[in-house]
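Asks: Shown below is the structure under consideration.
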Amino acid sequence: MLINDTVVAPATNISTQAIALIRVSGSEAFLIVNKLIKDKKLEEKRGLFLRKLYFEDELIDEVVLSCFVAPNSFTGENVVEIACHGGILNTNKIINILIQSGARMALRGEFSQRSFLNGKIDLIQAEGINNLIHAKNDLALKIGVANMSGSNNKAIIELKDNLLDIISRIQVSIDYPDYDDVEGSSIEDLTNLLEIINDQINKLLMRSKMAFKNSEGIKTAIVGQTNVGKSSILNALINEDKAIVTDIPGTTRDIVEGQINLENVSLNLIDTAGIRKTSDVVENLGILKSKNLINEADLVLFVVNKENINDLDNQEIFELLKDKTYILIVNKAEKLSQTEKQNLEKKYENIVFTSAINHDIDQLVLRINQMYLNEEISKSDELILIGLNQITLVEQIKNKLSTALSVIKSGMPIDIVNVDLYDAWNLLNELIGVEYEDEIIDNIFRKYCLGK
């Protein structure tokens, strides 16, 4: 990527909205925008300015220009943001004129990439911006904001510093074996210090994996016998008639999917074929898929009604759910008395009542949110990472530290330990972007939106 050229891109979606924002960033940002201004050319100073834009003596638009002078901008470069009138034609016309005047169309995520390369943000903050933009639920939104602000990133800096301190102590003991006055350099002291760092990394990994799954979507299978209201549950959850709903048993013969974003978790929903005894070959294939999906799912929504809850087909499903996380949903609850509900609650765990045909699924939504309200990740002020490449790096760091601990506890030569510790330290640097390869950085930022 050329860092010395000037780039342009829409910072807002190009549509028929009233106002659009176009960002120009680079050393020639003022020069290029001034080519479109007849009177009162911009000076390189910070401020807001009302100007008319022209191209070949034709008035294009009247705009507001927000000007930032390097290094005091998001990218660390000269930046001019053009608030123009919206509309697909108008916005694209101004962008094309800016390109003809010397700017280049920015790549996806290039503004954030320039900000990173110019030292305005670190890699965790950059990923936080992307997490914030693509957040599907409140948890992911909170993590994105926290990481974007950099408020929790000092945790990685402290881990790096503490690990470097251990590496240095070990190196002193290797280089000067007769010099044993270095405080905290005994095998016991080093082991204790390493265990503290290892524990911190393990907790970061655990929090991050849980948050990643909650933000990306829990694989959720809706299972049960035929005609108990599974498809109605799916339609009510996603507020869309995605699955066919009829009184004919066995209507759903294949897999129907949808997604819902709740407060603490996103669910990837799968409505499965009803499980029952049948001689229909095609329906049996769907039933086999349903049973396989029970094994694969992170969460199972098991739908029954009061008439069939105890029959043999449902007992088979209960058996399949023995080691699974599931919610028992008694649908068609409008047909149940309060006493009947209370008796079922005494007999079965994790039970809720719904009337999906009436879109009454409040109990179910509340229960799912409660199940995935993890205090450690939802109310934590500690660093949580939800980028897959970030989690992979933390896992590699954990493995390096675990190997180092095993080596030091086994009594092997201390210099062997430093090999894994130094690798772990380098991986921590990579996590925040202190050391990086161009291809890796390019790959990360190309996942961003245009204009970020």
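Every residue gets a Cβ built from N, Cα and C, even glycine.
Not measured: the values here are computed from a predicted model.
Pulled these from Swiss-Prot:
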BINDING   Arg23, Glu81, Lys120, Lys452  (6S)-5-formyl-5,6,7,8-tetrahydrofolate binding site
DOMAIN    217-373  domain 'TrmE-type G'
BINDING   227-232, 246-252, 271-274  GTP binding site
BINDING   Asn227, Thr246, Ile248, Thr251  K(+) binding site
BINDING   Ser231, Thr252  Mg(2+) binding site
Asks: With the cut-off set at 10 Å between Cβ atoms, which of these binding-site residues ends up with the most neighbours? Options: Asn227, Ser231.
Replies: Ser231
Asks: Return only the integer: C-alpha distance in Å from Ser231 (Mg(2+) binding site) to Ala273 (GTP binding site).
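Replies: Spelling it out, the Cα of Ser231 (Mg(2+) binding site) and the Cα of Ala273 (GTP binding site) are 9 Å apart.
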Asks: Given the binding-site residues Asn227, Lys230, Ala273, which one's Cα is the least distant from that of Arg23 ((6S)-5-formyl-5,6,7,8-tetrahydrofolate binding site)?
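Replies: For Arg23 ((6S)-5-formyl-5,6,7,8-tetrahydrofolate binding site), the spatially nearest of the binding-site residues is Lys230.
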Asks: Which one, from the binding-site residues Arg23, Lys120, Lys230, has the smallest tally of other C-beta atoms lying within 10 Å of its C-beta?
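Replies: Counting other Cβ atoms within 10 Å of each of the binding-site residues Arg23, Lys120, Lys230 gives the minimum at Lys120.
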Asks: Within 10 Å of the Cβ of Glu81 ((6S)-5-formyl-5,6,7,8-tetrahydrofolate binding site), how many other Cβ atoms are there?
Replies: 21
Asks: State the Cα to Cα distance, in Å, between Lys230 (GTP binding site) and Lys120 ((6S)-5-formyl-5,6,7,8-tetrahydrofolate binding site), rounded to an integer.
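Replies: A Cα-Cα distance of 51 Å.
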Asks: For Ala273 (GTP binding site) and Lys120 ((6S)-5-formyl-5,6,7,8-tetrahydrofolate binding site), determine the Cα separation and express it in whole Å.
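Replies: Cα to Cα, Ala273 (GTP binding site) and Lys120 ((6S)-5-formyl-5,6,7,8-tetrahydrofolate binding site) are separated by 53 Å.
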Asks: On the 0 to 100 pLDDT scale, where does the domain 'TrmE-type G' (217-373) sit on average?
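Replies: Averaged over the domain 'TrmE-type G' (217-373), per-residue pLDDT gives 82.
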Asks: What kind of secondary structure is Ala273 (GTP binding site) part of, going by DSSP in three states?
Replies: coil
Asks: Just to be sure I understand the packing, how many Cβ atoms besides its own are within 10 Å of the Cβ of Ala273 (GTP binding site)?
Replies: 27
Asks: What whole-number Å value do you get for the CA-CA distance of Lys120 ((6S)-5-formyl-5,6,7,8-tetrahydrofolate binding site) and Asn227 (GTP binding site)?
Replies: 58
Asks: Helix, strand or coil for Glu81 ((6S)-5-formyl-5,6,7,8-tetrahydrofolate binding site)? Use DSSP.
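Replies: Its secondary structure by DSSP: strand.
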